[in-house]
Amino acid sequence: LALNPWDVVLCVSGTIISCENAIVVVVIFYTPAFRAPMFLLIGSLATADLLAGLGLILHFAFVYFVPSEAVSLLTVGLLVTSFTASVCSLLTITIDRYLSLYNALTYYSERTVTRTYIMLILTWGASICYGLLPVMGWNCLKEPPACSVVRPLTKSHLIILSASFFAVFAAMLQLYVQICRIVCRHAHQIAVQRHFLASSHYVTTRKGIATLAVILGTFASCWLPFAVYCLLGDYTYPALYTYATLLPATYNSMINPVIYAFRNQEIQKVLWAVCCGCFSSTPPFRSRSPSDV
């Protein structure tokens, strides 16, 4: 096959995604203090994005060096599983942030740990099921007219994935609206109790809203073009449109570590310790809250 520049760009993106998220996974896995629900969910997101990056690399390698329909199904299944798990992990993090603010007094309890494990099982269970569909026979290799804009996925399969994305996006939007209201109310209460000036309350509220806008805006700008195109396009459309909308979606996995991991103060401490050569497996800290808002 002639080398497609878009495939090269996707492979390079996959390499960057894999390196970034591998750092997060290693730090969380080898730091016993990072066993709180918040870090488990961040670890789930990093694992999903790491697999997505590896999937992009493997897809490039197999297409150009080991072309095979069976291998193509496996790599596409891995990409569907990893990207689905990434999107669902973002939803679980949003749910965890909302509950940490809504039930702040009872957040640190066994119930929270149990709920976190349940969300992880549901996330990866559903993602694996979605990813196995092409491998189990739901593909268009024998029926080209049934293909979607992402071969060998069928049009109906991609519609289900897109509809699931819009459901997740709607849930995240609703939760972040509720989080925004809680943040504004808490900031107002603190300002009243401590006799802060109105300008201080305004600055705190604006900062929280700006953080939420960046999180949700990044997610929407990366995934919405591809999700909309999957609903409207079909196999007759030029492959250029698929690449042009899929590439921004992969950038979400590149940005996630920056938003959810590298901004976290506890993870920053461990990373600085590693860089300084004084890594300790039991750093003396405990996360104050799963929310950075």
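Cβ coordinates come from backbone N, Cα and C, glycine included.
Note that TrEMBL annotation is computational and uncurated.
Here's what TrEMBL has on this protein:
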- 20-260: domain 'G-protein coupled receptors family 1 profile' (DOMAIN)
- 6-31: transmembrane segment (TRANSMEM)
- 38-65: transmembrane segment (TRANSMEM)
- 71-95: transmembrane segment (TRANSMEM)
- 116-138: transmembrane segment (TRANSMEM)
- 158-177: transmembrane segment (TRANSMEM)
- 209-228: transmembrane segment (TRANSMEM)
- 240-262: transmembrane segment (TRANSMEM)
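38-65 is the stretch from 38-65, 71-95, 116-138, 158-177, 240-262 with the greatest number of Cβ pairs below 8 Å to the transmembrane segment (6-31).
With a cut-off of 8 Å on Cβ pairs spaced 6 or more residues apart, the transmembrane segment (116-138) and the transmembrane segment (240-262) reach fewer than 3 such pairs and are scored as not touching. Most Cβ pairs within less than 8 Å of the transmembrane segment (240-262), among stretches 38-65, 71-95, 158-177, belong to 38-65. Residues belonging to the domain 'G-protein coupled receptors family 1 profile' (20-260) score a mean pLDDT of 85 in the model. Using a Cβ-Cβ cut-off under 8 Å and counting only residues 6 or more beyond its ends in the same chain, the transmembrane segment (38-65) has close neighbours at 1, 3, 7-8, 10-11, 13-22, 24-25, 28-29, 71-72, 75-76, 78-79, 81-83, 85-86, 89-90, 92-93, 96, 100, 116-117, 119-120, 123-124, 127, 250, 253-254, 256-257, 260-261, 264, 287, 290.
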